[in-house]
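Here is what TrEMBL says about this protein:
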DOMAIN    A:13-291  domain 'FAD/NAD(P)-binding'
DOMAIN    A:325-391  domain 'NADH-rubredoxin oxidoreductase C-terminal'
DOMAIN    A:429-477  domain 'BFD-like [2Fe-2S]-binding'
DOMAIN    A:493-542  domain 'BFD-like [2Fe-2S]-binding'
DOMAIN    A:568-632  domain 'Nitrite/Sulfite reductase ferredoxin-like'
DOMAIN    A:641-775  domain 'Nitrite/sulphite reductase 4Fe-4S'
BINDING   A:C650, A:C656, A:C690, A:C694  [4Fe-4S] cluster binding site
BINDING   A:C694  siroheme binding site
Amino acid sequence: MSTHTNPPTKRERLVVVGNGMAGIRTLEELLAKAPDRYDITVFGAEPHPNYNRIMLSPVLAGEKTFEQIVLNGRDWYEANGINLLTGDRVEVIDRANRTVTAMSGLTVGYDKLLIATGSTPVIIPVPGSTLPGVVGFRDLADVDTMLEAAAKGGRAVVIGGGLLGLEAANGLTVKGMDVTVLHLMDTLMERQLDRSAGALLRHELERRGITVLTGADTAEIVGIEKVSGVRLKNGQELPADLVVMAVGIRPNMALGKAAGLACGRGIQVDDAMTTSDPAILSVGECVEHRGQTYGLVAPLFEMAKVAAARLAGGTEAAYTGSVTSTKLKVTGVDVFSAGDFTGGKDCEDIVFRDAARGVYKRVVVKENRILGAVLYGDTKDGGWYFQMLKDGTEVAPVRDTLIFGQSFGGEGAANPKAAVAALPDSAEICGCNGVCKGTIVTAITEKGLSNLDEVRAHTKASASCGSCTGQVEQLLALTLGDGYAGEAKAKPMCKCTDRTHDEVRRAITALELKTIPDVMQRLEWRTPDGCHHCRPALNYYLLCEWPGDYKDDSRSRYINERVHANIQKDGTYSVVPRMWGGLTSAKELRAIADVVDKFAIPTVKVTGGQRIDLFGVKKEDLLAVWADLNAAGMVSGHAYAKGLRTVKTCVGSEWCRFGTQDSTGLGVKLERMTWGTWTPHKVKLAVSGCPRNCAEATIKDLGVVCVDSGYELHVGGNGGMHVRACDLLVKVETEAEVLEYTGAYMQLYREEARYLERTAPWVERVGLEYVKRRLVDDAEGRAALNARFLFSQSFSQDDPWAERASGSVDRHEFAPLAQVG
Amino acid sequence: MDQSISWITVGSVEDIPRQGSRVVRTGFGDIALFRTVTDEVYALEDRCPHAGGPLSQGIVHGARVTCPLHSWVIDLASGEAVGPDEGCAGHCPVRVVDGAVQLGLAAFRPGRGGCGHG
């Protein structure tokens, strides 16, 4: 056993048990107040650095990667001199000797101990609950188990229709599983929603293909070696390959209890977040405070603030309990609730419904103050109601228009600067990081901050979703007066907005914007419906962010992508059928020849991408031309698309005496995998069968050069106006690896390049090292990117020609309205 | 004021996609009907004053259309190219009566080119 020895500085020793959100938030607050007071050791049972547990749902749904939800990477611990021990669970606290001992046998002494062990999922004690295939929804390991199960498809049963259960159900549905939710009560999320909102939510989930059974009481989980189903008390049996238990959480107080600390439903703490042992503090979901336990993030942060102040030596800070609000993190379902909305005697209900928009709002008022609020479908005023609820604001002056929200008649709406000036210091500006106005103003004056980036660095305000950026800028202007020079703006997207491509994209993700009008509304576009620069970009960003969910807006597409052919200088079109990997056949060539004769197509040309291009097709002939090509088995070649154009190949080992691998076959596989995708700009691929490189693979967006021992992958090349040879990304051994790298590379480009930015300038902008870090060094990240690519492809591989030739899509595009005169 | 014009009904507003266009074939050539996001309807000759591109195929934004060939922006009400480009697309009186789109073809005014296309 090794024992921790004090360093010569004789600083106090602080040990934190639990590397989750509450414990680490406490450290962040502490380091801000007293950076040098302690030598800090953190134990984490999970093998990861500190991550944002509330974002596990988007990870499950494939909307975020693990890297995107990491709050503090290992470099943060290093930079702050914190000794981080992950994957090592603390098992014993020896209060007499002030030491803790972990699973590995390591013993560390403390002067102050902070217990932040969080909570564990409640597993209902029915037969079968320990079978393999039964998981909770609590940590990354659970998410990995679910993703693994979902990859095989099949059926999932989620027990519990509360916040966590529904987020799990949605994620698993998105991942392709057939999901049933079992809920004991009549109303989903009955602790957060009233019946009306619960019914709307149920309807929306059912529309997404989730089966919801309410009043469903689980009797048994069935299975022999692993889960095969769930049996209900009414005898009904549901087949299942995966069972997710999401009936609730329980404070994880075992460690404290074993150490003899006073425990009730959790580890009991006073208003100073101190346990029955004055050397031991506790924060987060493991504590019981004034008889309450909490399972949401906001109270944890409030506790962390107090614990940090106390650890820093303060004697004033006190936690007095939290009023909480809830938001469901299911993309496209906006649900918010706060306070007490059961209503009743002396309470007044103000209700607003808009069936067409699927909006339901209910605000409960008692004695002129807001007691609770439930919002469904339109939650943008949730923060406003919640602030008034917490502050006990008199609502009489705005009573008549209260339900319509802040922007309707609320004070100061017309002048944002005055509105920010009027806020009290305690008003929360940044909801993501819980930063209030006073903190920001103090940081600006005391630390001499002069711009947004500095405010972000010092306070974290506006550092997450960015939706409070405007308010933070107002605060800079208010605090510094003429001393505020404003922000050096990067080039905005277009004249309709001041925001850059990257800012708009971040906002689409963070604010879950789902339509072009939503983006323009929320980001305050200056034009009614944008312009020819921003609309196609927004359409692409939304399509990329919300695969399967976003409905493509044809009116925001350039004509070529709208009619799936290339407009020529005389207003006719050119048509290029797909030839997989450049392969064709007598049947295809005969069909092409017949089409050329039948429609008197004037020019036929072989393209640089190994396809045949038919020039001079009249617009009104397009549907008939496509129908004939479709009949011979050909589909659109997407020669018009900001998407995958072609995979060019040489013949490779099948025929060539120099060929090392089956380059043609691999090209066909790559094209089958990637066709139909939409990308920021066009994408061309190639596969050469040997280093002689006859397919010119090293000036492509992605080129594969086969060698005896495998495949070299080259990226970021371009043979256009500015010729750029590819950079070598990596060498791999199998075709499967080539496919995975290709999917991951395509997705990274799709998610991070700006609209109309080819891979060549993109790779130069972000640097090859960055691309390598994401794709080569990070196998997990690569697999996740590839999975997101394939998921998005599941919605994009319908032949647009067949859809239109059959007359079911965009008929009006191809015929004149009338003939007169 | 409309007594001198004879109006010809060519279809209904609903036939034109919002933020889109449909073409009417006439003795003066193709006329492009545009419907804006706010449901106003305009009619222009389907020829960009720059290089003759089919304006009906462009992206409609506000009361403007961007030509698909070289991205000239044309004002739908006047047919004028939006600066710095100069030129004017031919235009034609149009009105909407009870949802029916009517053209005053007899009052069609041809455009004048920019960029030396006369």
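Keep in mind that glycine also has a Cβ here, set from the backbone N, Cα and C atoms.
These numbers come from a predicted model, not from an experiment.
Positions of the features from TrEMBL, shown on the structure.
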residue : record                        : DSSP (3 states)
A:C650  : [4Fe-4S] cluster binding site : coil
A:C656  : [4Fe-4S] cluster binding site : coil
A:C690  : [4Fe-4S] cluster binding site : coil
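Residues A:C650, A:C656, A:C690, A:C694 make up the record's [4Fe-4S] cluster site, and a Cβ search at 8 Å around their centroid adds A:V651, A:G652, A:F658, A:G659, A:S663, A:S688, A:G689, A:R692, A:N693, A:A695 from the same chain. According to DSSP, the secondary structure content of the domain 'Nitrite/sulphite reductase 4Fe-4S' (A:641-775) in residues is 52 helix, 34 strand, 49 coil. The domain 'BFD-like [2Fe-2S]-binding' (A:493-542) is in contact with the domain 'BFD-like [2Fe-2S]-binding' (A:429-477), judged by 3+ CB-CB distances under 8 Å for residue pairs 6 or more apart in sequence. Comparing local CB density within 10 A for the binding-site residues A:C650, A:C656, A:C694, the maximum falls on A:C650.
Neighbour count (other Cβ atoms within 10 Å of the Cβ, all protein chains): 20 for A:C690 ([4Fe-4S] cluster binding site). Confidence over the domain 'Nitrite/Sulfite reductase ferredoxin-like' (A:568-632), given as mean pLDDT on the 0 to 100 scale, stands at 95.
Secondary structure of the domain 'BFD-like [2Fe-2S]-binding' (A:493-542), assigned with DSSP and counted as helix (H, G, I), strand (E, B) and coil, comes to 26 helix, 0 strand, 24 coil. When DSSP labels each residue, the domain 'NADH-rubredoxin oxidoreductase C-terminal' (A:325-391) comes out as 10 helix, 34 strand, 23 coil, counted as helix, strand and coil in that order.
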